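Below is one structure, written out as structure tokens, with a few remarks after it.
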Amino acid sequence: MSHLLTMSELSEVEISEILKDAEDFANGKESKTTEQTFVANLFFENSTRTRFSFEVAEKRLGLDVLNFSADASSVQKGETLYDTIRTLESIGTKAVVIRHEQDRYFDELKDQVNIPILNAGDGCGNHPTQCLLDLLTIKQEFGRFEGLKIAIVGDVRHSRVARSNAEALTKLGATIYFASPEEWKDEDNTFGTYKPLDELVPEVDVMMLLRVQHERHDHYETDIMKEYHEKHGLTVEREQRMKEGSIIMHPAPVNRDVEIASELVECERSRIFKQMENGVYVRMAVLKRALPNVLGGMKHELLV
């Protein structure tokens, strides 16, 4: 079966196939199942974009959606994630979409369950569908990855988006740079080079900003965030020095006037809401791949 757990498990060919399917969906192609097929969304962390994007994608494909609430489930009675998935599998669910606060929650599950797991984000680890929608957005803009210079800016240590994107974009031929406060650098992420933000601003093709993840920090104070914006955020002054034709990206939710000046969120360079739109098409493509017998997706097996 075709789990989607991390970007490292996808070859360049597989990435290209998923992006091609996503582009087809973006251009109006329809694909709907004619048989009743249940898919469950299990979100153990809060989500707006990923959760609803998956649900829209599922419904566009004609799938029947089961939205799981941990607070109202037997998880509150101590049921394990494995038993929860096996329960859903037993009652006829054909795939599960999971977001979980634990890094690599899927390691012990992937060989024990008989339905595809689509990782919607694991702790500070991986976020493959966010990466794929970012790749689609970049491809739409530049038509290529080879030779592009991309800055990933902000809370690199705690960002699953940074980890997934840096690895995939490097594989596809882009050059990755990081800019981050010293305490938020991730020395384990070896797919890019750290440089000062102000050096990168006029050089890069893509300015990919990361959310300050205050829920993963001990404190979140207004004065600290103001200082962050001035030192590490995309201010109006920095945007004015950006390279001609370069774009701004952000996985959202956006902390306005922290990672990016509020007036830049929907400026001409910004592709933030385009990323959200592309999320639906990418997740349709990922679901097609996971359910080939139902949706006519890719029939080769991805070994994980």
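Glycine residues also receive a Cβ, built from the backbone N, Cα and C atoms like all the rest.
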One of Arg99, Arg157, Arg289 listed by Swiss-Prot as binding carbamoyl phosphate at the site of Arg49, Thr50, His127, Gln130, Ala252, Pro253: Arg99
Cα-Cα distance linking Arg160 (L-aspartate binding site) and Arg99 (carbamoyl phosphate binding site), given in Å to the nearest integer: 12
For the binding-site residues His127, Arg211, the one whose C-beta sees the most other C-beta atoms within 10 angstroms: His127
Under 8 Å by Cβ from Ala252 (carbamoyl phosphate binding site), counting only residues of that chain that are 6 or more apart: Arg49, Arg211, Ile272, Gln275, Met276
